[in-house]
Amino acid sequence: MVAVEFKVSESGRPRPEKNPKLGFFVYLLGSAAIIGGFLFGYDTSVVSAAMLYVPEAPGLKPMGTVWKEVIVSITPGMAAVGAWFSGAGSDRYGRKPIIIGSTLIFVCGAVICAVAWTKIVMLIGRIFLGVGIGFASMVVPVYLGEASPTHVRGTLVSAFAMMISFGQVVANIMGGVFSYWEPYTIGWRLMFAFAGIPALIQFVCFIFLPETPRWLYENGHTEQAEQVLEKIYGGNTEWIEYELAEIKTYAEERQKQMEEEKKSGPVIWRILKTPHVLKACFIGSMLQAFQQLAGINTILYYTADIIRSAGIENYHTIIWISVILSICNLIGPFAPMFFIEKLGRRKLFLFSCAGVVVSLVLIGVSFLLVGNDSAPNFDRSAYLLAGNYQSNGEAESCLMLSNCDSCVTSEHCGFCEDSETRTGFCLPVDHNDVTLYSSTGLCTNGLDKSNSSFPNATSYVWQKHHCTTSYTILPIVMMGVYLLTFSCGFTSLPWVLNSEFYPMWARSTCVSISTLSNWVFNLIIALTYLSLTHAITKYGAFWLYAIFTIIAFIFIYFLVPETTGYSIDEVEMLFMNKRQRNIAMQARQAKLDAASDKDKNSSTSLSTETITM
């Protein structure tokens, strides 16, 4: 099937040949808007570094696995809620008020997290940040699409996406910087507080920026819409008239759609009754779900925790390694920009998918090697000989674990290791200070850990989060490979394909449904990672993500069509059966014939006028 190239716009007016000059106003508008992407990336990633210190902060400890998962995952969970309601809110009140509201929510969330004195207060702050992210993720791209010059809209929307990755890099950098300033009492608070600065900058900028001309026009403010267009296009009359015609045509089409809805019911019911659109919506939603089931936000939200479990002890080193990994995630998306039109969506998606499967399998293998290489756990009889033994249920369950790696994976246990022989005991933690002491055995608080009565024992070191291993570098390198292969296709292609799959009347609703799918599975993955590692081990968790991605590969191979080079009408036909496609093609041909006859009549009329003159 050959793509149809349209020389004129939807309004029927030819697009001006010469692009307008970009003035200061456009640069200010674009720069202020994409700060929303930066805040999105920063506030979802800063938790990785901060959670090295928050669980041991005064007033917030002890913090078990469930609390850690909830504090991390509540933000994407509330982002789903914020994104769902922001669409209707921006249609009713305007894009600008919602963006200003999101900046204030970002500031409140940053301040609440920074001053949090209990786990509940921290949770409230993370809820605020999630709502702000939800608002920004939905409304800022719409604002950019409606308030920027036509020829740079794609660039600015892409810049918003890139700023998400840039925000993730900066979050790790600031985590590294602030980790040197009393991290357990002040440093982690500064990590959260820093996000308030760009949020305030965006707030101040948007006080002076206008509402989008499209929203103004659709809500009866025609004169104001023209004034905004004059600022955007620097007084270029040709472009202003063109854009006004586009907005008018869109408004008329939307009015027709609303009238159609009154006759046929809500769009969602029309989707359910239209098999090929329902099929496209299902495929689009599954692509968003698979993006999350591939484990990307496990890597991004728990970067520091994963690096620590690979055997890195120094927290500063952990955070700076996180910076390098986040840079991998930043540079990967440049690949689609160069190859997506040459290779096509399917090939690039399948390549990215295959790379993710291989890297997830290798991450799992790496952690299997780390586990097998970690210090063995002495049996119970050796523990009794060591002294300072108190028998209880927790101690018995910890002693049953095989080695250091399985021991530190449990939130109730830690490893008391002989620093010379790399052997030791898996002991229950001291809940007053889980990172420093065990509740019984040779690593209890106040006990001299030298014990000459125990063979080969000199000094015991308490390990709560990591084990000494020769394979530390392997999981870290494989995480870098994972981020590169994931970001070169899996990051952007679910969004690209969802923007192409649907007819105009169903696009907004179907994209909202698929976006909700993304956020819901984001929440599920973020909420279950730590519990999953306890239940099936770290390597088991990554192999499970690999299985999901293999299913995604099969799904894409058999069900996702190639959309490169096809028009919107042609893409819609790709989801139809043969009978539906024939009917659609006949209707489309009739429409093209009618348009051709209209053009001929216009040409004849023009020729007559020329002769008369």
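Along the chain as shown, residues are numbered 1 onward.
Every residue, even glycine, has its Cβ placed from backbone N, Cα and C.
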From the candidates Asn372, Asn601, the one which Swiss-Prot records as N-linked glycosylation site:
Asn372
Can you check whether Swiss-Prot puts Lys96 on the same side of the membrane as Glu562?
yes
Can you work out which residues elsewhere in the same chain, 6+ from the ends of the topological domain 'Extracellular' (179-189), have a Cβ less than 8 Å from its Cβ atoms?
49-50, 52-54, 56-58, 113-116, 315-316, 319
Leading contact stretch, 22-42, 158-178, 516-536 vs the transmembrane segment (190-210) - CB distance under 8 Å:
22-42
Of the residues in the topological domain 'Cytoplasmic' (141-157), how many are helix, strand and coil by DSSP?
15 helix, 0 strand, 2 coil
For the topological domain 'Extracellular' (179-189), jot down how many residues DSSP puts in helix, in strand and in coil.
7 helix, 0 strand, 4 coil
Show which residues of the chain containing Asn372 (N-linked glycosylation site), separated from it by at least 6 in sequence, have their CB under 8 Å from its CB.
Asn403
Other than its close neighbours in sequence, what residues sit by the transmembrane segment (516-536), given a CB gap under 8 Å and a spacing of at least six beyond its ends?
65-66, 68-70, 72-73, 76-77, 79-80, 83-84, 134, 285-286, 288-289, 291-293, 295, 297-298, 301-302, 305, 409-411, 494, 544
